[in-house]
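Read through the structure below, which is laid out as structure tokens, and then see the notes.
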Amino acid sequence: MPSDLAKKKAAKKKEAAKARQRPRKGHEENGDVVTEPQVAEKNEANGRETTEVDLLTKELEDFEMKKAAARAVTGVLASHPNSTDVHIINLSLTFHGQELLSDTKLELNSGRRYGLIGLNGIGKSMLLSAIGKREVPIPEHIDIYHLTREMPPSDKTPLHCVMEVDTERAMLEKEAERLAHEDAECEKLMELYERLEELDADKAEMRASRILHGLGFTPAMQRKKLKDFSGGWRMRVALARALFIRPFMLLLDEPTNHLDLDACVWLEEELKTFKRILVLVSHSQDFLNGVCTNIIHMHNKKLKYYTGNYDQYVKTRLELEENQMKRFHWEQDQIAHMKNYIARFGHGSAKLARQAQSKEKTLQKMMASGLTERVVSDKTLSFYFPPCGKIPPPVIMVQNVSFKYTKDGPCIYNNLEFGIDLDTRVALVGPNGAGKSTLLKLLTGELLPTDGMIRKHSHVKIGRYHQHLQEQLDLDLSPLEYMMKCYPEIKEKEEMRKIIGRYGLTGKQQVSPIRNLSDGQKCRVCLAWLAWQNPHMLFLDEPTNHLDIETIDALADAINEFEGGMMLVSHDFRLIQQVAQEIWVCEKQTITKWPGDILAYKEHLKSKLVDEEPQLTKRTHNV
């Protein structure tokens, strides 16, 4: 029988459950009370929107099913079925008949955080999908959560979307409310409450709110409808769900895409505490360094394992490859020497012939035991921005500029005053919504100032790379056809092939329809197109999304060799460190120059997280 204290506790929780079930006359929406008649008026429109969302969701699911059908995976579980470690041998993976992995091993150990790296198009995302859909033999007791796409737009709030993902907790709470409403036996109710306590049910909303806050959602945003957010923000909600559920195996594919630097720093600190199995694909060396305990290199149809973060991987791999090449050259020298000796003395005197036979046996043993292979290096890229010529300063002058999107809307910038020229190398940083992309649009003329003036040199050409540039590509054309169409002055196809080849698109990729290319390859088409605009100023808004690490390094080298000016918006700390000479912070309707480098700014963001934590805990207690 339960104690008196337990009975009182159960009675209290029962009353709270009943209170939650009482109908309300209205609910809060963006700070305003919305009554039931107002809700009813929206039903017809919402019904239409829901139908469209359902159709889009079904299309995405069908697409994923087609991809899965074109994928073939084989492998054998080598670890104990009850183990929390996963060891799979003889792993092979093919997609549309193309072999991505061949007779390799997958080793994922509990408590380790793995960074999965490799060139664009090599099959990293395909491998994550195969693991997430259990196409490899992973024991059932290991639950897997694979973050695949953004949340579809709906009337749900981000907070609700995050909390509903914990299905066991939601089911237990629903059952507890039902029993409380029916005035059921106290013992059964107590069992449910005990299980909910184990799942931190009382703290679930606080934890969900903390995660959303870390990813940039203010308290008001957490209660807005999902359909009012852009795709990037809905992707953050999907990421928050993945973090909230705490699966035993968490699979993240480019989790920092669509995040600002503040959210990247928070996510890095959050993932550092993940104690189960984490596998993430990321193009950010800085992020991989901060999070990962191990690196998996997908290369030459094999998975190769390295202990340590990304920097340690680079060091270890270089040492191993140097030793491998030394061994390779030594073996080749030995083989050449023995073959030469056998050819010269194999038919000589008896003594020399015996020595030749001995060397032939040694050679056969070497060949039978397996020779060291030559190191196959990743293909190196060499991006190129053509010379733009000189124009005298000032190239762009910003004079007392203020901007707001609507007459009654909030002011994004107030009285900006600065100039930029061909020597400018600036990274714009600051939280989402502070106006970084807005500033680039103002400077290009895509947006006009509400007040003030922006003066540009009459001959200046500006090239702006942004996240939606891919949408402007003609997907039915090949990269070669698209570039020939955009730049008809280049008559020879071979010349254009060389141009495109510098951006990592070679052979069949140049003549395949753009729709068949990976996101990273489409980005390269956009970069090639941008470069041959021959701009004086490069405005780069998140250029690293979908690019691999080697491509980002090639882009950084090209920017550093570029004769013109550059303004960059990026969540990649390492790229900023490589190319930016100044850091400008966009915040509170103005722009201020940061006194240090980007690494000092990152430490500043970390210290802000520490300062905000007590305030956040206090605020979420009052939710």
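The backbone N, Cα and C atoms fix where each Cβ goes, and this holds for glycine too.
Record check of Lys304, Lys361, Lys436, Lys498 in Swiss-Prot: the feature N6-acetyllysine is attached to Lys304. Cross-referencing Thr157, Thr218 with Swiss-Prot, the residue annotated as phosphothreonine turns out to be Thr218. Across the fold, the C-alpha of Pro431 (ATP 2 binding site) and the C-alpha of Gly121 (ATP 1 binding site) stand 31 Å from each other. Residue pair Gly435 (ATP 2 binding site) / Thr218 (phosphothreonine) shows a Cα separation of 17 Å. Counting in whole angstrom, Ser125 (ATP 1 binding site) lies 16 from Lys304 (N6-acetyllysine) by their C-alpha atoms. In sequence order, Met126, Met298, Ser518, Gly520, Asp548 are the residues of the same chain, not among Gly118, Leu119, Asn120, Gly121, Ile122, Gly123, Lys124, Ser125, whose CB sits within 8 A of the CB centroid for the ATP 1 site. Of the recorded positions Lys124, Lys304, Lys436, Lys436 has the largest number of other Cβ atoms within 10 Å of its own Cβ. Over the domain 'ABC transporter 1' (86-325) the predicted model carries a mean pLDDT of 90.
Of the candidate recorded positions, Lys304, Gly430, Ser437, the one lying closest to Gly123 (ATP 1 binding site) when CA atoms are compared is Lys304.
Of the candidate recorded positions, Gly430, Ala434, Lys436, Ser437, Ser512, the one lying closest to Gly121 (ATP 1 binding site) when CA atoms are compared is Ser512. Thr218 (phosphothreonine) has a Cβ environment of 11 other Cβ atoms inside 10 Å.
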